[in-house]
Amino acid sequence: MPEILDQARTQVLENGVGLDEAGALAVLNLPDEHLPAALQLAHEVRMRWCGPEVEVEGIVSLKTGGCPEDCHFCSQSGLFTSPVRAVWLDIPSLVEAAKQTAKTGATEFCIVAAVRGPDDRLMRQLREGVAAIRAEVDIHVAASVGMLTQEQVDELVEMGVHRYNHNLETCRSYFPNVVTTHSWEERWETLRMVRASGMEVCCGGILGLGETVEQRAEFAAQLAELDPHEVPLNFLNPRPGTPLGDRPVVEGKDALRAIAAFRLAMPRTILRYAGGREITLGDLGTRSGLLGGINAVIVGNYLTTLGRPATTDLELLDDLKMPVKALSATL
């Protein structure tokens, strides 16, 4: 058994203290023959500190495309030649999407907008949409609408948004290679205000942007410092017309190493499968991740890419004897 896994068994599994950056790097560098043991330990940590339930979430785009930022992985940027163009979703369609999400047993419904940060129009639409969903659908409403001012944070709290997603995307040292129109620190400031407001913080990123293994460990440590309620893990699904459109996808075993490392760095955090798992891991790898530290999934499609049918994921959870977290358990 590698020394890092012996250390993690005592430090993380028994005492609930996450691995630091050096520990995460050691897990990320484990040879293939020790990957099953790392995943097994990560699963034991998840079961010990989070329990057996899996949180299910659906997401929908209130405003798609036309974003002024240059996030190099994103086809919604108005600066690239990708085919996504600006379009708004009407409120009845937003409510219907929430209803369909709730039918899957999901407890979370996240409203997303492709913006640097919300303007007055978006805040009005968001207020109307959140109110309509809360009146008609038994589901928690989350939001992801970019960088916020303190006034906007306060408005979201007043609306009843209980969780806010704002991904750091990658580690601080690599971020300037991925985004140049705003800084990592600006994102961190929004997250600081969200945490202070009492809303739950959802913050993760994308693996496979060109970062090194060392930078993945750096990212895990920075997320652990933030201590978010939830960490969504995406794997790059290269989008035509974007600067990263020709990047290779993450190797499945490297993705699983990352899942184990992030779980061992953050034993109590909701670790959610997000975009890209379909092409990076496939069916078998998706199962392995759920048995290796993952305890939440986004069901259905993502913002600009196709996901798996909700029934496929729900059948897998049933096969693994992993109960879907009930709404009453999240209140």
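Every residue, even glycine, has its Cβ placed from backbone N, Cα and C.
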>> For the [2Fe-2S] cluster site that Swiss-Prot describes with Cys110, Cys202, which of these is also annotated: Arg9, Arg272, Arg277, Arg287?
In response: Arg272
>> Could you tell me the mean pLDDT the prediction assigns to the domain 'Radical SAM core' (52-277)?
In response: 95
> Rounded to an integer, what is the Cα-Cα distance in Å between Cys110 ([2Fe-2S] cluster binding site) and Cys71 ([4Fe-4S] cluster binding site)?
Replying inline: 20
> If one measures from the C-alpha of Arg272 ([2Fe-2S] cluster binding site) to the C-alpha of Cys71 ([4Fe-4S] cluster binding site), what distance in angstrom results, rounded to a whole number?
Replying inline: 22
